[in-house]
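According to Swiss-Prot, the features are:
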BINDING   His111, His113, Glu118, His159  Mn(2+) binding site
DISULFID  Cys32-Cys49  disulfide bond
DOMAIN    63-213  domain 'Cupin type-1'
CARBOHYD  Asn78  N-linked glycosylation site
SIGNAL    1-22  signal peptide
Amino acid sequence: MKSFSFLAVLSILAITLSLSKASDPSSLQDFCVGVNTPADGVFVNGKFCKDPKLVTVEDFFFTGLHEARPPNPKTGSNVTAVNVNNLPGLNTLGISLVRIDYGVYGQNPPHTHPRASEVLYVAVGTLFVGFVTSNPENRLFSKTLYEGDVFVFPQGLIHFQVNVGKYPAVAFAGLSSQNPGVITIADTVFGSNPQIDPSFLASAFQVDPKIVMDLQTKFIKP
């Protein structure tokens, strides 16, 4: 019986440890304002902690999400991110926020967040959103959202949003990491540096190599 209890405790500890490693580490202090220099700091979760005596209220403050940003001509959208890089007080807190402005028929093209799940809130307009599950099913979950609607994108899965209304749209999203990361699928595959061999991509996508080379010219980084 004691042996069973000991094994049960070990199993629970193993599960707990695996879950804790699946998200940003928990903070062991009230806050850890992120700084990029080691002077008077302690390295925690990718950033140095600012000396608590030097922390000010501005370290926990960001302004600008009330402002609409002009859409990117290529995608028709613009993402304003609030993460540990521009709000250092988020360091070790495991959260971040974005505002997404969509032009008419603009889109936030297929992408993933390798380190975070996302909950999206539609503030203005109408969006068609969705995500695709992993292999082998690659099942699409999609829905048209209206003002006040909320949708969740699981961590790591490819997802997208498209403005299907006749007017600009605005959405806000919370993410479960201080620095969730973004991998935009088309940019990554066709705009890599150095470029992936077109013949390989042509075989992978089962298209003519000329099509791949044309796509690579559209996504190449300046």
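Cβ coordinates are placed from backbone N, Cα and C, and glycine is handled just like the others.
What Swiss-Prot annotates, mapped onto the structure for a quick look.
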{"residue": "Asn78", "record": "N-linked glycosylation site", "contacts (Cβ under 8 Å, 6+ apart)": "Arg69, Pro70, Pro71, Asn72, Ile100, Asp101"}
{"residue": "His111", "record": "Mn(2+) binding site", "contacts (Cβ under 8 Å, 6+ apart)": "Ile158, His159, Phe160, Val182, Ile183, Thr184, Ile185"}
{"residue": "His113", "record": "Mn(2+) binding site", "contacts (Cβ under 8 Å, 6+ apart)": "Phe153, Gln155, Gly156, Leu175, Ser177, Pro180, Gly181, Val182, Ile183"}
{"residue": "Glu118", "record": "Mn(2+) binding site", "contacts (Cβ under 8 Å, 6+ apart)": "Val152, Phe153, His159, Ala173, Gly174, Leu175, Ser176, Pro180"}
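When the neighbouring Cβ atoms lying within 10 Å are counted for each of the disulfide-bonded residues (Cys32, Cys49), the highest count belongs to Cys32. All protein chains included, His159 (Mn(2+) binding site) registers 22 other Cβ atoms within 10 Å of its own Cβ. Averaged across the domain 'Cupin type-1' (63-213), pLDDT for the predicted model comes to 96. Neighbouring residues of the recorded Mn(2+) site, listed in sequence order and excluding His111, His113, Glu118, His159, comprise Thr112, Ala116, Phe131, Phe153, Leu157, Ile158, Pro180, Val182 (Cβ within 8 Å of the Cβ centroid).
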